[in-house]
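*Asks:* Here it is: the structure, laid out below.
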Amino acid sequence: MHRSNDSSSMASELNENRTLLLAGSSSDSDSERAFEEEEKVIISITSDSDADADSPPPFSWSKLWRFTGPGFLMCIAFLDPGNLEGDLQAGAIAGYSLLWLLLWATVMGLLIQLLSARLGVATGRHLAELCRDEYPKWASVTLWLMAELALIGADIQEVIGSAIAIKILSGGAVPLWAGVLITAFDCFIFLFLENYGVRKLEALFGILVGTMAVSFAIIFGETKPSGKELLVGVLVPKLSSRTIRQAVGVVGCVIMPHNVFLHSALVQSRKIDNTKKNRVQEAMRYYSIESTIALVISFVINVCVTTVFANGFYGTPEANNIGLENAGQYLKDKFGGRLFPVLYIWGIGLLASGQSSTITGTYAGQFIMGGFLNLRLKKWVRAMITRSFAIVPTIIVALCFDTSDDALDQFTETLNILQSVQIPFALIPLLILVSKEQVMGVFKISNAMKILTWAIAAFLIIINGYLLLDFSTTQVHGLALISILSVVLVVYVAFVIYLIVQGTGLWSRLNSAVCKGSSN
């Protein structure tokens, strides 16, 4: 009996400390918030009698429905025009052989996104806010600049993708630069829906994801890829030196830096009492389910795109020339005589991809800017600032590359490199924060999960390092450019090492050892 009382007292004390920790992390009324209290979706539909239970309430389909939404916004980054281009090029050049890699890349992406959601739910704050508190001012500002740079690179691809779709659907009447302007203004119209509640915006994304699924499924049905080769491609790992570049591209597209920041903010759109352990556990369970469902759907869509181009163009002379700009025309030439107009179905799917990803990009930009800089601006002002960062360079790109498919594809590849090198600046802070008891309380990740996630992070960083090395050796020429790139690379590596050393406590221990040694 005495031991039972001690255990009860200890549990009560831990719960009290947990409550104080989380209340302290989210009670600052002067700090930027992802969502105001009145904007959040009310979740609790059970009586208060179970509020202090040790275990989460039983599963409820009604609650799953109320939690459904953030995962579908998150999955858009797995379906943006950059990913679709990676899919079609992997299919055209490597056939069905990289489908297994697409599967495992999606699994890795899911794990990272679940950690991001875990951070947001357990702390009541998003990644950008926590980075602002975790690192010194100079490092925090640098992380913000890197996140903005990655977001601009992604946004240019997404807006260009929408503009290409508009050009296709208009029969070429709307030039690329005009499609960019239409996409920019469309984004604000869609974001206006947020004024009517976050659920309305989430419903819009559900429609856009559904549009992509239907469009690419129709093309899949029209082109009739081999089911046997599809199954073998998913289950049997194959990799050759000829397809290594496409393999790296498939993996490199999985983790989008801005998406890691975004998901930790989106999960705060639900009203959760994060001072109660069972409510946090419940939220994590439902977010895990809905995020998994969303990424399964995204995986199926990516498989459809990859197999369509594998079936139509693998082993053909055109395989190395297919990019996002001309993919629709190649589909029309190859499969144009079928029941559905393949070119326009492709255009509809691409438009849904581009429009949805530009909205999530603007959304992510608001959270990134507000969190790192602690700006208390109206959302439309932040959206305007975020949108302006990308629209001006995108219009320049559209004017320069409107008549050159090869040049546009080359520029898109450069943007992929730009985003890839930013991955450590989202992954490393995330892994450090979810491992800290001071931040996560009882919800910090286990040692086994630490090993697994750091291994995945190291793998992704190495993969994207390969992309950077391949790009620099093939595209960077001249002593001056090589010298500049070398200096930038040294600074880059030094900052990555600093983030790891400072975040894991090695920095303070090293300083203490140095001070102790000097005093002796």
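For all residues, glycine too, the Cβ spot is worked out from N, Cα and C.
Pasting the relevant annotations from TrEMBL:
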{"type": "TRANSMEM", "residues": "93-115", "note": "transmembrane segment"}
{"type": "TRANSMEM", "residues": "174-193", "note": "transmembrane segment"}
{"type": "TRANSMEM", "residues": "205-223", "note": "transmembrane segment"}
{"type": "TRANSMEM", "residues": "243-266", "note": "transmembrane segment"}
{"type": "TRANSMEM", "residues": "287-310", "note": "transmembrane segment"}
{"type": "TRANSMEM", "residues": "343-364", "note": "transmembrane segment"}
{"type": "TRANSMEM", "residues": "385-404", "note": "transmembrane segment"}
{"type": "TRANSMEM", "residues": "416-435", "note": "transmembrane segment"}
{"type": "TRANSMEM", "residues": "447-467", "note": "transmembrane segment"}
{"type": "TRANSMEM", "residues": "479-501", "note": "transmembrane segment"}
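I'm curious about the neighbourhood of these features; can you describe it?
*Replies:* Outside the transmembrane segment (174-193) by six or more residues, the chain places 159-160, 162-167, 200-201, 204, 354-355, 358-359, 362-363, 379-380, 383-384, 387, 391, 394-395, 398-399, 401-402 with a CB less than 8 A from a CB of the stretch.
Below 8 angstroms of C-beta separation, residues 69, 72-73, 75-76, 79, 294, 297-298, 300-301, 304-305, 307-308, 311-312, 331, 334-335, 338-340, 342, 345-346, 348-349, 352-353, 355-356, 359-360 of the same chain, each at least six residues beyond the ends of the transmembrane segment (205-223), sit close to that stretch.
Through the fold, the transmembrane segment (385-404) approaches residues 148, 151-152, 155-156, 159-160, 163, 175-177, 179-181, 184, 187-188, 361-362, 365-366, 369, 377, 411 of its own chain, all at least 6 residues removed from its boundaries and within a Cβ separation under 8 Å.
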*Asks:* For the transmembrane segment (243-266), name the stretch out of 93-115, 287-310, 343-364, 416-435 with the most CB-CB pairs under 8 Å.
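*Replies:* Checked against 93-115, 287-310, 343-364, 416-435; highest Cβ contact count belongs to 93-115.
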*Asks:* Per the definition of 3+ C-beta pairs under 8 A with sequence separation of 6 or more, do the transmembrane segment (479-501) and the transmembrane segment (416-435) touch?
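*Replies:* These two segments touch.
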*Asks:* Residues of the same chain, at least six outside the transmembrane segment (416-435), with any C-beta under 8 angstroms of its C-beta?
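*Replies:* Here the qualifying positions are 82, 86, 112, 115-116, 118-119, 127, 130-131, 134-135, 143, 146-147, 149-150, 153-154, 157, 249, 252-253, 255-258, 260-261, 264, 444-445, 450, 453-454, 457, 460-461, 464, 467-468, 471, 492, 496, 499-500, 503-504.
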